[in-house]
Amino acid sequence: MYELPAFGSDSPIRTHLTGYDLVTKPMLNKGMAFSERERDVFRLHGLLPPHIGTIDEQIERRLRVMRAFNTDFERYAFLRDLQDTNETLFYAVLIRHFDELLPLVYTPTVGEGCQHFSEIWRKPRGLFLSYPNRHRIREILSDSRFDHVRVIVVSDGERILGLGDQGAGGMGIPIGKLSLYTGCAGIHPDLTLPILLDVGTNNHERLTNPLYIGWRHERIVGAEYDVFVEEFVSAVIERWPNVLLQWEDFAGSNASRMLAKYRDRLCTFNDDIQGTAAIAASTLLAAINVTGIPLTHQRIAVLGAGSAGCGISSLLLRVMVDAGLNEEQARKAFFLVDRNGLLLEGMEGITPAQTPFVQQRDVVKDWSLGKPDQIGLFDVVRNAKPTVLIGVSGQTGAFTEPVVREMAQNVERPVIFPLSNPTSRSEATPQQLIEWTDGRALIGTGSPFAPVQWHDRRFDIDQTNNSYIFPGVGLGVLAAGAKRVTDAMFMVAGKVVADMSPTVSDPHGRLLPPVDQLRAVSVAVARAVAIQAQADGVADVCDEATLDKRIQAIVWEPRYRPYELVVA
Ligand SMILES: O=C([O-])CC(=O)C(=O)O
Ligand SMILES: [Mg+2]
């Protein structure tokens, strides 16, 4: 139908599509920017209004329309429609206005996008693999439109951000994540494929909503679920042996189970476990530039000991060991609090991922507790005196005023990361954290927050979001031709972002590079990840100049290219 362009160049795109077929192809449509000559050759006269415009003009027009809507959800729907109409323009708007658009195409608005996905579904994008179609997976994947696919993001919609089970509406997440692969790391849209494993939903509201677009059935679980996922993964490996498969927003036990099961069978990672961990590590390392307390002296309390909490703890543990502690010492620095309170040795239901982080009963035996039979977050903060408090609980407001004030009594510069998404699920707002700590907290949030004004000071709020990590990891994997994704690749990704922190040169600077630098961040992450992949023996070795060339050759810029007609 058309040939993929050489991404780094402006060489012409060759296609045999003309007329209506050309302008309705999102990846080829240029709207009114088709030139007079192209209108002749591709028979577009009459289909388009006579005005011949430029991409700059189109960007301005779309922004004006977008800004006139009343709600962010409407802006989300408008942008999704633009993406499905003119992909080049969509990315051009996104990249030039990251600050404004990222919160619309991604967290937090994508959460509402998933909740209301059934209302705005219009055109196919990506694939719904529904349980009743389980015998057709190979046939569905075989479509030649997907021949170029190199990156897949898959979700089963069960734990969408902190919003729980959204069933098939969860498709908003793979679409949003892949928009960032293209927006941040320049991976061409045709190399990406969003997939939703539609295995039912236990969300009653969805099941009873006549508009619901998914398979109307409660979730498949147990062996049936595992067989279905196995069928999916093996079909993916068969179709694209070298694809990168990113797992996104699977519920706790499935997330870590699937990662463990598949990480040695294909090139794969779980973003909520590994990506979130890497950016938490970056932000902590940046905060250390400010507080001066070395990593080896930190005590870390984590609220939420699911896959994200355990992923963060495992990566931080590695970074601490790297910084000189032995593993035994490092483990003692972690205090993981879940539904039943602090994780303690001998507790029932401890998962394998939690096991390294249970505290010894000895440690807590002299603690003063609010209630004798459960050790809650406040007890941990009062007794263990953590220097770092991380929230991945999905519980709005869980960092209460007493908890935060207690922490601020014990540490000069409390490092506090309420990471739950979207904004409505944040464990505390930055405004609260600043007030309760008298402006001393070093903050990283999962969702974007506006700057906080407190007395005569302005605090910019850093978004400790995996969007700093996963697009660059993807680009690095593609550039290196990596066969597997190792933990060390995420560790270096985290370190590279920390190295780009403004705090490296300015102790009063922001913790993370601003969002409008995400393209540069992703390229730096890609480079480090690719070099680490080579060091770990999961990619062929090449010199760094060659690697840089390979990265450049992948990165696609959203510009209109000239078209050449191929006569069949
Ligand atoms: O999507 C985001 O903003 C970060 C993330 O992976 C999640 O919260 O599940
Ligand atoms: Mg996620």
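Including glycine, each Cβ sits where the backbone N, Cα and C put it.
Whatever TrEMBL says is automated annotation, not expert-curated.
Among the candidates Asp226, Asp264, Asp272, the residue that TrEMBL names alongside Glu248, Asp249 for the divalent metal cation site is Asp272. In TrEMBL, the (S)-malate site is described by Arg159, Asn465, and among Asn202, Asn203, Asn421 the residue recorded at this site is Asn421. Straight-line distance linking the Cα atoms of Asp272 (divalent metal cation binding site) and Asn465 ((S)-malate binding site), rounded to a whole number, equals 10 Å. With a cut-off of under 6 Å between the Cβ and any atom of ligand 2, the recorded positions Tyr106, Arg159, Asn421, Asn465 reduce to an empty set. Between the binding-site residues Asn421, Asn465, the minimum number of other C-beta atoms within 10 Å of a residue's C-beta occurs at Asn465. In this structure, the CA atom of Asn421 ((S)-malate binding site) is 11 Å away from the CA atom of Tyr106 (active site, proton donor). Nearest to Tyr106 (active site, proton donor) in space, judged by Cα atoms and limited to the binding-site residues Arg159, Glu248, Asp249, Asn465, is Asn465.
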